[in-house]
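Notes follow once the structure below has been shown.
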Amino acid sequence: MSAISQTSISRPVLAGVMSVLLILFGIVGYTFLGTREYPVTDSPIVTITTVYPGASADIIASQVTKPLEEAIAEANGIRAISSVSREQVSMITVEFNLSTDLEAAANDVRDKVSKSRQQLPTDIEPTVVEKSGPPDILVFLTVKSKTKSLEDVTDFVNINIKESLQSIPGVRLVDSYAGRKRSMRLRMDPVKMASYGLTPSDIQDALQRENVDLPSGRIEGQNNEVTLRTQGRLVTENDFNNMIISQKDGAIVRFRDIGTAVMSSANERTAMIEFSGKTASFGVGTGVQPQRGANSLAIVEDFKKKFEEIKKNAPAEYDIALGKDFTVPVRNSLSEVKETLIIAFGLVAIIIFIFLRDWRSTIIPLVAIPVSIISAFFIMYVAGFSINVLTLLGLVLAIGLVVDDAIVVLENIYSKIEQGMTPIEAARKGANEIYFAVISTTVTLAAVFLPILFLGGITGRLFREFAIVVSGSVLISAFVALTLSPMMSAYLLKAGSAHNWLYRKTEPFFVAINNGYGRSLAFFLKFRWLGFALLILSFGLVYFIMPKLPSELAPLEDRSMIGLAVIAPEGTSYESMESTMKDIGNFVNDSIPDLHAGRTYSGIAASVGTLAQPVNGGFQWIFLKDPKERQSKMTQQQIYQKLAVATQRFRNVMVIPIQTPTIGGFVTTQPVQYVIKAPDLQQLINVMPKLMGAVYTNPKLTFQDPDFKINRPEISISIDRQRAAQLGISTQEIGKTLQLALSGRRYGYFIYNDRQYEVIGQLDRKERSAPYDLRSLFLKAGNSQMVSLDNLVNLKEGISPPAIYRYNQSYAVTINATPAPGVSLGEALQEMDKIAAKELPKGFSTALAGQSRDFSESSSSLIYAFLFAIVLIYLVLAAQFESLIDPFIILLTVPMAVTGAVLSLWFTGQTMNIFSEIGIIMLIGLITKNGILIVEFANQNKEEGQSKMDAVRNAAISRFRPILMTTLAMIFGTLPIAVATGSRQSLGIVVVGGLVFAGILTLYVIPAVYSFFSRAMRHKTATTHPEEQTASPVELTI
């Protein structure tokens, strides 16, 4: 006998106290749990940014990016290194394995960068190493003003808002979008400078000489001491315009004589335009990004409290509004799952009552639900998990599972009472008989999830919490089934009591079902070879249908927002780009139904907020009303499809509609990200035209856009070195003059309102609007005479790449695309593989990035997890049954379950994704429970001397009602997920479809196969004679 059940029956108070303690621990754990949408899936990221003023993209790539990559590659735990080298800026992104400690990784990278410093150019600015992450913006606000400049608004945001928001616990970064930081711009006239014998270097030297504020010592008296400070800082436009540049023969040259100092913006080429209703206005956006693993919902709640404080205390000239709360879909998802949890509990309760038709009997298995579910919160707390969609989803599924063991125990005890035993005696004997089956089914189901715990990548991180929550709940339910359930059965159930009227009215129906199954099983066993035919059919259906199912990482959810990435031809001016973005914003404002608000960013590409954004990039956010509030009743997907067609009217730019993926955070890239790695840059350039020609013409791909392009207008300057040497002018002087005159380089700093801002020097815009303007730039020869640059250089127009990309230390291009309508991500990637195999020469290789990489890794990982789960369960069952045949028989339920799952996906038009794949793995444990019950009781019958045929038939008939009850409990417990909306629907469809299909076939196929393969018990001899193989029907009553 099970000692734990014996003790619980003998000491009912102890059994009750143990369950109460489990509930109390669960409640305590719940109070400490954080809340987020999904478990943490973003990899630790470290970014390395280096500014090399005036350097072109190819110089940045060869002299800065490549040496840094070689040094950084020696760091531990790297998953991928990607880099982009643009004009003046190198940005390297190092992505580490999910298990890597971010702080240690950042320190390791800093150490590698520090050691490589001597290999880099001497005039670069200090390299910045930052802990980073995906731009997972949770919520942001906007600040506008009718009377203040964008520079004033930006200052207000930086001083009064960003510092306040940064104090919110869990915030990693508070970032501003489209702000214009104040600067002092020195706009120089090259002709006037030449007339005074000055060059841009002279202006920079004068600034460093005149713009100083140094301590000057102290005056020491007999009784006191006074510190002296020389106030030489330039503050106002007038100060800078009066700055002395040179003095010769008593003539003073001030900056106003050769240019104009203007308080303006450090970056005049970004803007945010907010569209609301029929109005549009400029403003600055400020958003918060969470630390890795932080409680997103708590951050947003604190943000809104801060927002109210900021708005209350802000001056009247600033209009502050809550821009967008990106956690609203998160809250909706969590709320829906919580509702599903309650509905599932109600449905399971109804199913149990329908079968038992007695409140005492119904309470016993139902008690297992709150004990197991609430206790799971303590497991979540100990494991460091959060309340999220997947952990709640695990609890929903667990509702149908945790009652299984209690139902099986209750049914067996009740049958003993019907046979005339007292409740206590029946509880002892019934628990003892069912003990092994309960342990077997519980260990089997828990073992199903063990492979998931060892999965790497996004799949392992996503479903580790799900797996542990379900497994933990089931293990607790087994404990409850062997302690609380026998105790409650012993003291709640009554022997010899008359059944209520509902039971008497409905029992003939259940008896008829039971007897009908017995007759159909007896008929089926006469043609038991049909069991093998059904198994072969199941394998065949899976083999033919599964490859035809579309595949993706996860179904898209309606998050009420769509992005439009806008790319103009290289060479497009900022003014032209701003005008185009306004046109797109007006179009969206006028034509999109149920628009809540729109925000247009010009001069900012899809990766909002990164350095060195191209002027020809823009991004439009479209925020829709909540699905329940939309008058048009259109879904986000329908609006997206409308936009994909309508935005083609903008012929001068490429407009790419983008939907944020369900998993992966705040992503503004296309689903297909296919990386081509080349041996060197020139070979990549050579292969691009033919490769992209094949990509552009492929009908299964849309919005094809490679990041590496060779289309930027460029003027190549070649120096007449001999002529320059004769004049005493070095190549360095020529390069520096061009850099200081044209690049907009920082000359120094100035202090304004106790804050430090940049002083930027550059030729006036009208003096650098055309290539021939370079003729007006002069240099100082060795004899102090001014020489026109036109005499020293030759200009040649051409094209060059605006940015050079590398991936894992190889020159690379990432081809971004969106699957065509009706084409899945898996099909799109297969098309890219075909193109690469055909077009790429030897020496090239491919890789995946972003959503594509996550999809590929998750698919392969789950295949291994499925196979591992099959092997693991077989070994567990073999150890429990002390047989190699019985586990094989039990596992034959799996192909039938998979067939049901695949057919259900096919008929409902769902995709194969990580949710449906996890559902299939779950089915292994769920459906084998039925096989275990039949095989275990068949073995017990054989031990009592029955023949194989009698043993399995009687076992199947006696277990029919509890199998039917538990299967229906699991089906109806999962049904709310299957009929809900959202990405998790496919998991529910797989589980329900697999249980329905396999639940029926298992009742016939397993007995048939058992009758063929199961061996006679070694330690018992069958006493049944052949002529007695027709067993008396088993009538089950509860």
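A Cβ is built for glycine as well, from the same backbone N, Cα and C atoms used for every other residue.
TrEMBL has this to say about the protein:
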TRANSMEM  12-33  transmembrane segment
TRANSMEM  340-356  transmembrane segment
TRANSMEM  363-383  transmembrane segment
TRANSMEM  389-413  transmembrane segment
TRANSMEM  434-454  transmembrane segment
TRANSMEM  466-484  transmembrane segment
TRANSMEM  527-546  transmembrane segment
TRANSMEM  862-881  transmembrane segment
TRANSMEM  888-908  transmembrane segment
TRANSMEM  914-939  transmembrane segment
TRANSMEM  960-981  transmembrane segment
TRANSMEM  987-1013  transmembrane segment
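Beyond the transmembrane segment (389-413), the same-chain residues lying 6 or more positions past its ends with a Cβ under 8 Å from any Cβ of the stretch are 37-39, 333-334, 337-338, 340-341, 344-345, 348, 352, 356, 361, 364-369, 372-373, 376, 380, 423, 426-427, 430-431, 433-434, 437-438, 441-442, 445, 462-463, 465-467, 469-470, 473-474, 476-478, 480-482, 485-486, 489-490, 493, 922, 926, 929, 933, 961-962, 965-966, 969-974, 976-977, 984, 987, 991, 1036, 1038. Under 8 Å from some Cβ of the transmembrane segment (960-981) lie the Cβ atoms of residues 336, 340, 343-344, 347-348, 350-352, 355, 393, 396-397, 399-401, 403-404, 407-408, 411-412, 510, 513-514, 517-518, 558, 926, 929-930, 933-934, 987-989, 991-992, 995-996, 999, 1002-1003, 1036, 1038, all in the same chain and six or more residues away from its ends. For the transmembrane segment (914-939), the partner stretch with the highest count of Cβ pairs under 8 angstroms, out of 12-33, 340-356, 434-454, 862-881, 987-1013, is 987-1013. Residues of the same chain lying 6 or more positions beyond the ends of the transmembrane segment (434-454) and with a Cβ under 8 Å from any Cβ of it are 1-2, 5, 401, 404-405, 408-409, 412, 460, 463-464, 466-468, 470-471, 474-475, 477-478, 481-482, 864-866, 868-869, 872-873, 876-877, 880-881, 918, 921-922, 924-926, 928-929, 932-933, 936-937. If one looks beyond the transmembrane segment (888-908) by at least 6 residues along the same chain, the residues whose Cβ comes under 8 Å of a Cβ in the stretch are 534-535, 537-539, 541-542, 545-546, 548-549, 870, 873-874, 877, 916, 919-920, 923-924, 926-928, 930-932, 935, 986, 989-998, 1001-1002, 1005-1006, 1009-1010, 1013-1014.
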